[in-house]
Amino acid sequence: MPPQSDEDNKPSDDELVVQTSVSGSATSQTPPPRDSKGRLQVAYDKVTFTPPRCRYDPARPFQFSMGLNVLFAFAGCFTVANLYYTHPILHLLSEDFNVTGEQASYIPTLAQAGYASGLLFLCPLGDLVKRRGYTLWLVWFTATAWVGLCLTKSYALFCVLTFITGVTTVTPQLMLPLVGDMAPAHRRATSLSIVVSGMLLGMLTARLLAGIVAQYIGWRYIYWISFALQYLILILLYLFMPDYPATNPGVNIWRRYPSLLLDILKISFKNPVVIQACLIGLFTATSFTCFWTTLTFLLSGPPYNYETIYIGLFALSGIGSMVWAPVFARTVMEKRQPLFSVIIGETICLVGVIVGTYSGKHTVVGPILQAICTDIGLQTSQIANRTSIYEVAPKAKNRVNTAYMVSVFSGQLVGTAVGNALYARSGWYASGSASVAFVAFALFVALIRGPHEKGWVGWHGGMKWRKPIPGGAQDLEKRAIHVLSDDTPASQVTVSPSSDHDDSDWSKDATHHGQRPSTKQPSNHR
């Protein structure tokens, strides 16, 4: 038998690992760890590195400044714009890729489908991870993949990249719950309205910018401009976005992720206000897209026969809601119950739809008023709905936001399909009457459940529209009721004036903004 060399007597790396797991004495024999990071991990580490000025310090929590609010609005504006650049240039895409107009129309559909997928599968992760790193990585990935859209000459590859970038374009939907966390309660509605206005501006800017650039330079240049804007957003967020702590720290992502979708349903049906908001959002969005889908057909045909450039100017109606929302939020939303603003928004929307529907064939003033009123009504309703649903589960804002946005997106799809079908069959009055019915039902849903109702239907608690003063007697009583609803003995409850209630399934006793209701024994309370 040949003698064994020293190399033969050395244990393998696998044996060393086994020995280490069995006995701690073998730890010294384990070879130094190898750098096994892949390129993607290295890129992720670099992108998500946090500068010292953005690092979280519990002793000095971040203040949500107006500058940060505007930054989030800017990021939301030009991120949402990614979904709408193709709308005015579909005929150019059809010519350049040598496909039919119907095939070219698949491109914006794929972008919306990708966005819906991102809402459902990526946004809920915002409740488990730090949102700074997650947001930066999504922006970086979107901007990097965007290069393919700028360069490719393949229709199939363009469609694939459109879907992928649509999936990762959900960063504004991560920012909105973060604004709900960071903004103080007395400024939450105003802060949300600024970000939502930025997102609405993105829809407007995308259509105008794409049409102008495509006409005078070429459609690919709009994609290069978007590419530059995405990296500008990445740089600004890298420098100024605070590293806000995870909402549910210590939760195992891989174990919890499969149950996130189920949690969305649980939280929604546990809180009737969420279902109410989702139904209102669904039917309002249905009316909104039903109008905008059929408006082009009305204006391009008799009696108007407008050219495309004039039809595109109707998008400027969004400026009215952009000015309205922050002012209304500051003067009304922050002082009244959210349902009060929802009812006002739906009423404005209903008046506009009725005027536009039944005067639109006679005067262009009708569609103009409808465009302005539906924009104002939709945005007012959405901001107020978000304000109300974010309060029901502070530890699950992203999951609640996902439930709401999936409902809104479903309404957009239904509105597009119903509007086109009714207009093709019976014309403007038929599609407009459907819009009236949709908004009327949304208003009905808002009216059947009062602002203080705990059940599904009713007005128990009365019509007290004014919000309780923070730290006042009504506020403390409300918080005590919320805490006691968790079946905690009254003798064990201590309610602080600035505490928040949490209906999340996880970490009920975890600190939120440094102040939470204490449910410990009085002798242990500090």
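Don't overthink the numbers, they just go from 1 along the chain as shown.
Cβ coordinates come from backbone N, Cα and C, glycine included.
Summarising the annotation, TrEMBL assigns compositional bias 'Polar residues' to 18-29 (among others).
The compositional bias 'Basic and acidic residues' annotation in TrEMBL covers 499-512.
For 516-526 (among others), the entry in TrEMBL reads compositional bias 'Polar residues'.
What TrEMBL records for 68-454 is domain 'Major facilitator superfamily (MFS) profile'. For the domain 'Major facilitator superfamily (MFS) profile' (68-454), the model gives a mean pLDDT of 87.
According to TrEMBL, the feature region 'Disordered' maps to 1-38 (among others).
Per TrEMBL, the feature region 'Disordered' maps to 485-526 (among others).
As annotated by TrEMBL, transmembrane segment applies to 62-85 (among others).
Here the transmembrane segment (105-126) has Cβ contacts under 8 Å with residues 82-84, 86-87, 90, 93, 134, 138, 158-159, 162-170, 173-174, 177-178, 247, 253, 257, 260-261, 263-264, 397-399, 401-402, 405-406, 409, 412-413 of the same chain, all six or more residues outside its ends. Taken from TrEMBL, the feature transmembrane segment applies to 105-126 (among others).
According to TrEMBL, the transmembrane segment annotation covers 133-149 (among others).
Under the heading transmembrane segment, TrEMBL lists 155-180 (among others). With a threshold of 8 Å between CB atoms, the same-chain residues lying at least 6 positions outside the transmembrane segment (155-180) that come near it are 64, 69, 72, 75-76, 79-80, 82-83, 86, 97-99, 103, 106-107, 110-115, 117-119, 121-123, 126, 131, 134-135, 138-139, 141-142, 145-146, 148-149, 188, 191-192, 195-196, 199, 244, 386, 390, 397-398, 400-402, 405.
Here TrEMBL flags 192-215 (among others) as transmembrane segment.
The feature transmembrane segment is assigned by TrEMBL to 221-240 (among others).
If you look at the transmembrane segment (273-297), the same-chain residues 6 or more away from its ends with a CB under 8 A from one of its CBs are 267, 311, 314, 342, 346, 349, 353, 356, 367, 370-371, 374, 377-378, 381-382, 385-386, 388-389, 392, 400, 403-404, 407-416, 418-420, 422-423, 428, 431-432, 434-436, 438-439, 441-442, 445-446, 449, 456. Residues annotated as transmembrane segment in TrEMBL: 273-297 (among others).
Non-local neighbours of the transmembrane segment (309-327) in the same chain are 88, 190, 193-194, 196-197, 200-201, 203-204, 207-208, 211, 295-296, 299-300, 367-368, 371-372, 375-376, 378-380, 383; each lies 6+ residues outside the stretch with a CB under 8 Å from one of its CB atoms. Annotation comment: TrEMBL describes 309-327 (among others) as transmembrane segment.
Annotation source TrEMBL lists transmembrane segment at 339-359 (among others). Residues 277, 280, 284, 287, 291, 328, 332-333, 365-367, 369-374, 376-381, 383-385, 388, 428-429, 432-433, 435-436, 439-440, 442-443, 446-447, 449-451, 465 of the same chain lie 6+ residues outside the transmembrane segment (339-359) yet bring a C-beta within less than 8 angstroms of a C-beta in it.
Among the features that TrEMBL reports, transmembrane segment is placed at 428-448 (among others).
Long-range contacts of the transmembrane segment (133-149) within its own chain (CB-CB distance under 8 A, at least 6 residues past either end) are made by residues 43-44, 47-48, 50, 75, 79, 82, 122, 125-126, 157-158, 161-162, 164-165, 168-171, 174-175, 223, 226-227, 230-231, 233-234, 237-238, 241, 243. Here the transmembrane segment (192-215) has long-range neighbours at 69-70, 72-89, 92, 172, 175-176, 179-180, 183, 221-222, 225, 308-309, 312, 315-316, 318-319, 321-322, 325-326, 328-329, 333, 375, 379, 382-383, 386-387, meaning same-chain residues at least 6 beyond its ends whose C-beta is under 8 angstroms from one of its own.
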